[in-house]
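J.: Below, the features straight out of Swiss-Prot:
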BINDING   H16, D177, A178, K179, R244, F245, D253, R259, K260, A276, K280  ATP binding site
BINDING   D18  Mg(2+) binding site
BINDING   E44  K(+) binding site
BINDING   E57, Q100, D253, K284  L-methionine binding site
REGION    100-110  region 'Flexible loop'
Amino acid sequence: MSEKHLFTSESVSEGHPDKVADQISDAILDAILAQDPHAHVACETVVYTGTVNVFGEISTSAYVDIAHVVRETIKKIGYTDSENGFDYKSVGVHVSLVEQSSDIAQGVNEAEEVRDKNGQLVDPLDLIGAGDQGMMFGFATNETAEYMPLAISLSHKLVKKLADLRKSGEISYLRPDAKSQVTVEYDDNGKAKRIDTVVISTQHAASARNEEIHDDVINKVIKAVIPAELLDDETKYFINPTGRFVIGGPQGDSGLTGRKIIVDTYGGYAPHGGGAFSGKDATKVDRSASYAARYVAKNIVAAGLAEKAQIQLSYAIGVATPTSINVDTFGTGKVSDDELLAAIRKVFDLRPAGIIQMLDLLRPIYGQTAAYGHFGRTDVELPWEQTDKVEELKSVLGK
């Protein structure tokens, strides 16, 4: 008997301590960009019992009341009562922010391509150099309507549903911290066949009974989110498997910006270059180039040029032009990967300034990405999720 082909991804809710930190960092970024679109921001946050520490490097003309932004973010998440172990009204906020290193700023503000021109006129999109070296990945698949792998798509939707039920008051005992995990079984052709296992752990009031939690999560969350045809009598459910989850959020664990990078992206289905997103402005290619790579991959798949596509980009600090672009369609392409690469070079400008212009990234749009994933979102409008390059790609490839 052959083994099942299983793949698992997880997600966490907005009340998870690492996600609290991400949301604070991105809320600060947005508040700065609202006043100063060209600010350089690298903002990190640590949260733990009763305390928030904000630190990093910021160069801006804006004035932002950091403590106020922190408290409003915590309030919006739902930590509004000391009973939950973390309260926006009483939490201590400590801020330690300095200006961006002049050595880094030199390469970002004037790319190597410009510095080598000896005062000659240059392409304005060569002006911004990459904020660091590194490699970034983008991925898309036709496995779901949002062009995301099924396991991470469902994992996000499960914790988002928990949050919606909590905020609406429909399930009054729910608290902000939660995690989900979905295991998908694939057939021999790599097509999603069924859901093998669902794990959900949700923080709850001390008065809630395990039987009540189990029934509500099964019926009001899992069965409301996962299509019935993917669930069967063999599907396994683990609901709060420790038996109790009253102590949660930053009271239960410390949280740090950038510690949920797989949740933020493709749930482990595609590689990750290692750089986190939250708290970083668009000159940081960890963030902007990852968005651009997703944009490229999604448009390729949406155009019907491949069933799945993976894009790798790499950069050198202070240099505008990518040091490499790699395309892999895993044998599903309707044209060769080399042809796709040539088309990408014609259709997409992948220099940092080109990405910023193409995706309009100098706006305060980042807070909405800091929970429930940066990709495949259908509840918010994100520029890198648009499929507006489909026709241009087809035209370049003669399709």
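Even glycines carry a Cβ here, placed using N, Cα and C.
Keep in mind it's a predicted model, so treat the numbers as computed, not measured.
Looking at the shown structure, what environment does each listed feature sit in?
T.: Secondary structure at K260 (ATP binding site), taken from DSSP and collapsed to helix, strand or coil, is coil.
Mapped onto three states, the DSSP output places D18 (Mg(2+) binding site) in helix. Long-range Cβ proximity for D18 (Mg(2+) binding site), meaning a same-chain Cβ under 8 A and a gap of 6 or more residues, is found for V12, G255, L256, T257, R259, K260.
Less than 8 angstroms from the CB of E44 (K(+) binding site) sit A21, S25, V54, F55, G56, L256, T257, G258, G279, each of them six or more residues away in the same chain.
For K284 (L-methionine binding site), applying a Cβ distance below 8 Å and a minimum sequence separation of six or more within one chain yields A42, G131, D132, G275. A coil conformation is recorded for K284 (L-methionine binding site) in the three-state DSSP classification, outside any helix or strand.
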J.: Between A178 (ATP binding site) and E57 (L-methionine binding site), what C-alpha distance do you get in Å?
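T.: So the Cα of E57 (L-methionine binding site) lies 31 Å away from that of A178 (ATP binding site).
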J.: Taking DSSP as the reference, which of helix, strand or coil describes D253 (ATP binding site)?
T.: coil
J.: What is the interatomic distance between the Cα atoms of D253 (ATP binding site) and E57 (L-methionine binding site), given in whole Å?
T.: 25
J.: Measuring CA to CA, name the entry from the binding-site residues H16, R244, K280 that ends up nearest E57 (L-methionine binding site).
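T.: Ranked by Cα distance from E57 (L-methionine binding site), first place goes to K280.
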J.: At a 10 Å cut-off from the C-beta of A178 (ATP binding site), count the other C-beta atoms across all protein chains.
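T.: That number is 29.
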